[in-house]
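> Here it is, the structure in full.
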């Protein structure tokens, strides 16, 4: 009988834990519609990672967009426009449910995000069917603009522009004669690596694939191949985690060449994984201008507001939010009108001028790709705008 | 999991006594009702299940139940395919006693078959409709179960576990590393949704409302429950029981163990494939990231937590593992008002440990298994 | 298929494969010891390992060492290494004990079915790794330079570094030590007795719970040493790096014959080599897949692994 009692108690305890966690229900929606000025009372949304292993990039973007909305509200009345945030964790599995949650809020008329290509693929169909215009400040997979989504916009160059730029940098600035190319088999990484390979042509002396972030940490076979290929430059299509470990393990095996990678490695996490000494001199390309070169007082404002330097794509997110806000203040307060506005108008922000083609890509004349270099103190500094050929 | 050689004692030879709490639980009360009452209750439960999407409209209780950080109806759909998967895995683990750590592999086979046949990205360019792909997808999933099972089912329990785990990892690695055929991380897009239109011409299975998906999921769950229940009460089910209890003895008694183990594997694979089909139709997008190994382990945890070898337990366990993490999204803790979300897996792990410590046979223990275990308590874990 | 590449890089691939195999081997010992005694896959062992990596790095952090610090002097490096090994081994050992106490012992007391142990192990593993994840903000932690990366042996295109030699030697030495402990000491005899027949051992006055704790402790100590070797070789650690490595190590244990100490060593080195050769042939992404295929093939011909199960020696 004693055991029966213990069991029953156990069952109750378990239920209590579940119920207890369910009871502390958050009521975040402070529905303050105390909107004074005209065209107020609407919402924008940030959709992307805020927690999880790839949260850094998402937080940069969210803070850039939030800054834009706050500045707008100081001019147009408190809580005029509300920025709602939706945490997708950057994951394809989580994104669809959260996207439906976003769509259910009919006050939202514009979306900044999603930041990553994988989650875009999973969530954008939902936004497209709901007709909500979105501007992604960082998802660079080329196929996103060819999926016939009418509300998709990309405020940066895609991988088709970034890949050749990286290859040209290797060819004309590094003047490498032997290049080794590897990728992590992610859609982003392999797409980029393939373009680099085809642009470099005969300069490529070897290639390899690794597994993705978190699934592989021992890269000794790849390191062996790179060392024995005699390459002086190594391009990695992938994210900073693996790229940093590769750099560290390459240095440990005595390889002295230069590692080059795309914007997925443009993160202080790279030098954290590799160590500043090993990371120094590594090149990352980015379809963005240096945040420090942003016009106006953005850099100082961002630092003052968030107590940290503006990160990769913070400025683009700031611009994207302002593009929406400009449209709203011009009276485009439905999703359809706002989408039309974005499609037909151009906007000059702090980082770039934005004008979208019919597929939602940035006008080709406005594409920018910059090369950045890791410094001996572990920071990333702009190197030069990547050569066009 | 090998039986330890203990000489049969007098107690072990006497027939197992009835469960201690003699038929006083809800289940025995239910079993003793006249059949019209039983049918009535069943119908009511099923109807309530179909009405779950409207939980938010229930005063007071409703808002406590629904998820706040993610769409409630989407969560319900997620719950429905998790239940489907735990029902399937329950056949393999609970009924036949085969430890399968790579169940997500079959889920992947189902989803990939749908993608290959229907997505415009596929190399095959067959452009089938979602409905047409179902029979092929589940057949291929079943076949993959047979192909995996045939060489491996001769292995003993824990070796089987690692081989099935390897199978799931292999499928994921192959999917990732064949950018042409299975499209790796790029994945298949525009997988068609189930057919049907609203009166105004918008698709029935749209992105704004997941309710129809949930209803399809729920219907499949009910069908599978009936099928498995009947199977369990047939010769097949009794053979599984014999194998689970004592494989050598069953073999000696003329049960063709490998054949019935293969059956369990194939049926599990069939249901897993069905889960994959539903997932592909809902998501419209399938890539290699979908099939992480943690997923199969999660489903296994659900089955055992709910009570393996038992349909009600599998349902409860599957529902809980899908529901708890989603429910914890957007919940703040009452003390420091930080988002509890990042702690949700920690809480989840704690819940699992607590459940297993206080209810080692699962939340809803299987009656039949309880009897078996009582029977072999002495040999199972001598203290 | 890149045969010429494989042949060309055969030497370096062998060396790095053996080094990785040393990690697998020590890691696998934990699985094999626990399985040999309890017939239980200790899924939480990967987190025991990860605790070791963080313990070691945090200890070094107290001395101001991080991924950007300069190479310490030889004497200093030896001191730091010994300290790191000691702390990692102790923390991993204690974690293993704690897991046993919280997740397994209550179940044993309740005569839970074998599957229940597997699930609490998964629960414990989730709790530990996610707690580390939240506390470290899911960030990796870098490793200070410790051992010079200059090769000490050099022939053809094959360089062997001091670290690689150290790893293999350490793994072999610990193996011999453990073998001696289990085979020749009083406590070891207790382990063998419980592995062979729990009831018989209990009747003979062996304290079963103490033996089980001891086994977890031993596995944890080995995992701690493996953890230090891992951070030195790989260069960082993160809350979720245990899972995949754990699966590889468990594969190694099964490959050699789970429950068999020498089997763990053989399985570990074999898996390290085979993974590297496969990577040379097909690409690094196939590293783990090759291991699994080899496992299935070997189990088909030797259903209990290469050396068979034999912690209790007398076990058939």
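Keep in mind that glycine also has a Cβ here, set from the backbone N, Cα and C atoms.
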> Out of B:5-23, B:157-175, let me know the one TrEMBL marks transmembrane segment.
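TrEMBL lists transmembrane segment for residues B:157-175.
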> Given the ranges B:72-93, B:182-203, which one is assigned the annotation transmembrane segment in TrEMBL?
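In TrEMBL, residues B:72-93 carry the label transmembrane segment.
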> Among the recorded stretches B:72-93, B:129-150, B:157-175, B:213-231, B:345-364, which has the greatest number of Cβ pairs closer than 8 Å to the transmembrane segment (B:291-324)?
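Highest pair count goes to B:72-93.
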> With pairs restricted to those 6 or more apart in sequence, evaluate whether the transmembrane segment (B:157-175) and the transmembrane segment (B:262-285) have 3+ C-beta pairs under 8 Å.
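No, these stretches are not in contact.
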> Using a Cβ cut-off of under 8 Å, list the residues of the same chain at least 6 residues beyond the transmembrane segment (B:262-285) that approach it.
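Residues 77, 80-81, 84-85, 87-89, 91-92, 95-96, 98, 100, 103-115, 130, 133-134, 137-138, 140-142, 144-146, 148-150, 153, 187-194, 205, 210, 213, 216-217, 220, 224, 228, 231, 236, 240 contact the transmembrane segment (B:262-285) from elsewhere in the chain.
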> The transmembrane segment (B:213-231): which same-chain residues, six or more beyond its ends, come within Cβ distance under 8 Å?
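Tertiary neighbours of the transmembrane segment (B:213-231) are 46, 49-50, 52-53, 73, 76-77, 80-81, 83-84, 87-88, 90-91, 194, 205, 237, 267, 271, 274, 278, 281-282, 311, 315.
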> Give residue numbers and ranges for long-range contacts of the transmembrane segment (B:29-52): same chain, 6 or more residues beyond its ends, CB-CB under 8 A.
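For the transmembrane segment (B:29-52), the sequence-distant neighbours (Cβ-Cβ under 8 Å, at least 6 residues beyond its ends) are 23, 76, 214-215, 218, 222.
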